[in-house]
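Heads up, the thing below is written out as structure tokens.
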């Protein structure tokens, strides 16, 4: 508890200020501030997204316990898009038009985010997106609290190529067939080419969601690995990972010979599977539950307490993970921005979010970039342990800035996410990106 | 017979006077009353129709059009298709391709084309820049697939449950095909982020209102077309095929041509529905081809009452209305309700809601 | 061969019963799991040193660092030293059981007791775990440690330990070890260890200066025919900048060429065989998924769209049985699968009978309506499962004797669970065949199927037979669910993924013909695995679907037609 003192102090200070403002400006604002939560609670993504709803509700509860924002309670409105991408769009529309929420915390897969984006643009909504993603996007309506490729996958590739990481000379890119793995792998391929690894030392395979027969793939990985030191970059999402790692173990692919670096396997996913076959393999994130920091201790303790209070399914087995941390950071930043703006109006809050900083569970002070709507985040490489946790084997020196448009991709190297101007002027024409820089 | 009376007369006899009155009333409701209530009534008023409700109703109308198409082939010809979702989605994709062209600045291509390792539009994307080409393809693409598929299936006399199963396989295979990024239609994401159609922004409430009115017109005209078909001599042959195909064949008719015609028309109507549905929903993805969606379409028709056309419209409206309400209010209950509907309709309402009305009428007469 | 391996697996399972005291279960927490793993490790490893002195001690002391390069150096020095007494330290380092405290003492954790012992003195030390740090460990460091551990294991008196060491070295021999390996070979008496050592030495001697030695090495490697060593042989055939061969001796080059050929031949056989085996494995999954449908659709002409949900119920029954075993009889846990087989059969058969009595029997005359009604049932079953067990997948733990893999030949291995599924598929087919052809129920079912009125006239209660047939078909679907639970994720939507596939199998095989379903399932599996390397998994599946659709147009009665017009049944 003591560890979050600093942030609470700032929070309280702002609260007092905000309260003053609020009482001065409008007396009638005693109705709650509505907050939309848009995560799948059923279907294939439920395994990952349910916890995000829970941690969002927890953080909102914490804020309410301290008296809410601007003297108003936060009222969460929870939806279940059931892993159906068009339904994300539908429900985002309902949240904004019918429930009149001021902000949405939600989405996981890039597909779901892309479905919601047009609705946000149309209705001038505001969303915090808490998951690592492929970049190549920039919107004035979304704050990305997960990692861009240069904050997750590219450092992971660096690590695998380094002497410390095993000096991989060949890469096998395996992913689920949708936009995140496809784009990430395009960037990875360009990056590898730039680092002297030619296309014939790279292999790329995709599988549909829910695919469960990886026999042929793993025997191909085995064959491929015989011609040089090989690493696998795994962008498989969801339940398929169980079958994939199981097959790796069954066919005797050892993490020492062929390390598999996962970008979408975290503590929560590991909880749902038998971690045995994954032990020794790697994952790249911006936060691990095992991180040793006072902020994290407070975060995980509060989480355990919340799970117990609300009797959440899973009980004492429940864990924290990177997107949960990102959700937590996102809500706290939004709350600070509301206090600073003195209103929960999305247009005002949007201008107040950049530059907000919080002491994050990862042990760093995490700040929202002034320009690009992304966080500065540290990168951690962890090794999967038998208890489903990660042992950090490498981390960056500190938070690094996100590059939403990858400089390794042709066509996007000149693009720059810049939301400092001209959106400050309110309703002016929105540029997708600024080509002049 | 068809030729002997003037077309107008033939049209007029599609319905009784009362029927035409109802039809006109409904058309007026959709084309005049709804726009008025949406545009000129203040939001505080109880009569106000909010934008989202207009769009929602517009989408329901598209689904009702699908039900109409399904009733034509199932209710009147006795062929149950579990693959109409594929035709619907194809129409949607055709429109989606045009809308995708519209959203891209010249010289740029969407990311899913870049995934194919190319930096220009593939040949099968290029012509969809033209709206009129697209408008034709909305009918031709599902129509052609239906024609080819139907020709072989009907020629081999694949019928009944077999036909149902292979149409299900058809939509399932199409779904898998469209899920692949390599296929070039956006893979898992499908097509989304639409901006404008014929220069109008599809995100504007006004455009949505027009789309709603267009959907209403499409349903009305399609209904009249279906009505025209089933009351013609052709329609009587279809019913004969449904009830005793062998006898029809022995009488000298070739059922293949009749079945193929109505099957293709049905697919084309689905294509039209899909094309109107997509700009109102804002996204089309392969999930629309999931076998479950196509089966759900069958329950719209079964609930309303097969072989009545009006029943299909009523059924589609009822089920989708229920769905919207229940999935929002009691999300856990929806599948129980839908499942229960399937069972109850087959066990207790073999003629659907329309049959129920007849039943009641019959009972009261007694 | 497969049958043998299967039996072997069962036998192994039987032998392991006493060993498996704590089994992996759903109710088990992460700590417990870790504990179990630690227990396994304890059996194989020494958990403390007997005290180190001199150079060994001074090197090991330097492990108290989180600088990975320093640790790499330490490992290299330990390799040069090759002192068997350092083995516990290395194993602890590799397993992340090595710590150091603020005073720089290097400590080894005993995984069983959680006690710490000083690596240098070998004595137990009392420390609070929060004051300990771990030396950095990466896969690169492990890659150095593994062969070193292997080499040190060769000094052991225990044959199994020596063998484990030799296996590691045959996999990753290090040039620096050559001399010592030769010494060890001279002393080795066990033939298997000797064979492995020869491989390790041969791999190192490929660049020996003596051409005789090189030739010998090539011959040893040729004998093993492992694809792993192909690139090493290929480097012998390379030419340098002037176009001269790197390998001066023509005889060695010739031998290397032959060896590569032999390896390639083996590789292509392996590839063919693995496609075939994976295909059979996929086919048997399809078969198990479709068999229940083959009975219900094939014999009764009922379109059971809830078939997938019967599979799902079978899988969930397995899950419940697993949890019951974990709760009530943990010592028998590894046998829960055997108990799940009858349980799943009975539960799904009951659900099936309930469906038949409650809904389907009113619809026999209307096949299309049955289709819709059973779809409704499937939605209700799915949602019921979701309400009871939650929307997420449940965690299945394979019994120990069901994990791991069976090596059919070098480069072709099939996971034990999949071998089990193949065997189980044949068992179920045999069972169905037996019931249909050798029991009274089977006779009555066939009678009713061929001529309902006639059978009824002869005193067979067609009504009752319908009920039992449906129940049996549902029960068989339940058995399929047991098998699926071991290889795919168990969740409420499990059945949805198999319904279309199952119908395809039955329609392709020929409705009413169970043997046809067997052939079509296995055929589909094998074809799709041979297509997969060319077309990818998804396109392979689409192509097969299109092929089936076309095939049905051409031959509506399926591969194995019954007499009459099977495609024309309404």
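Just so it is clear, glycine is given a Cβ too, placed from its N, Cα and C backbone atoms.
What TrEMBL records for C:1-23 is signal peptide.
For C:194-221, the entry in TrEMBL reads coiled coil. Proximity of distant same-chain residues to the coiled coil (C:194-221), defined by a Cβ-Cβ separation under 8 Å and at least 6 residues beyond the stretch ends, is recorded for 154, 163, 166-167, 169-170, 173, 175, 177-178, 181-182, 184-185, 188, 229, 232-233, 235-236, 247-249, 251-252, 255-256, 259.
Beyond the ends of the transmembrane segment (C:276-298), by six or more residues, the same chain brings 304, 307, 310-311, 408, 412, 414, 418-419, 421-422, 424-426, 428-429, 432, 469-470, 472-480, 483-484, 487, 498, 501-503, 505-506, 509, 511-514, 517-518, 521-530 to within a C-beta distance below 8 angstroms of the stretch. Taken from TrEMBL, the feature transmembrane segment applies to C:276-298 (among others).
For the transmembrane segment (C:310-329), the list of distant contacts is 23, 25-28, 289, 292, 304, 335-337, 339-340, 343-345, 347-348, 351-352, 381-382, 385, 389, 394, 396-397, 474, 477-482, 484-485, 490, 492-495, 498: same-chain residues at least six beyond its ends, Cβ to Cβ under 8 Å. As annotated by TrEMBL, transmembrane segment applies to C:310-329 (among others).
The annotation transmembrane segment is assigned in TrEMBL to C:335-355 (among others). Here the transmembrane segment (C:335-355) has Cβ contacts under 8 Å with residues 13, 17, 306, 310, 313-315, 317-318, 320-322, 324-326, 374, 377, 381, 399, 402, 467, 470-479, 481-482, 485-486 of the same chain, all six or more residues outside its ends.
What TrEMBL lists as transmembrane segment is C:367-389 (among others).
Nonlocal intrachain contacts for the transmembrane segment (C:419-436), taken as residues 6+ away from its ends with a CB within less than 8 angstroms of a stretch CB, comprise 2-3, 5-6, 9, 280-281, 284-285, 287-288, 291, 295, 402, 406, 442, 445-446, 472, 476, 479-480, 482-483, 486-487, 514, 518. According to TrEMBL, the transmembrane segment annotation covers C:419-436 (among others).
Summarising the annotation, TrEMBL assigns transmembrane segment to C:503-528 (among others).
Beyond its flanks by at least six residues, the transmembrane segment (C:534-554) meets 504, 507-508, 524, 527-528, 567 of its own chain at Cβ-Cβ distances under 8 Å. The feature transmembrane segment is assigned by TrEMBL to C:534-554 (among others).
When Cβ-Cβ distances below 8 Å are used as the criterion, the transmembrane segment (C:503-528) is approached by residues 275-276, 279-287, 289-291, 293-295, 297-299, 301, 429, 432-433, 436, 449, 540-541, 544-545, 548, 551-552, 557-562, 566 of the same chain, each at least six residues removed from its ends.
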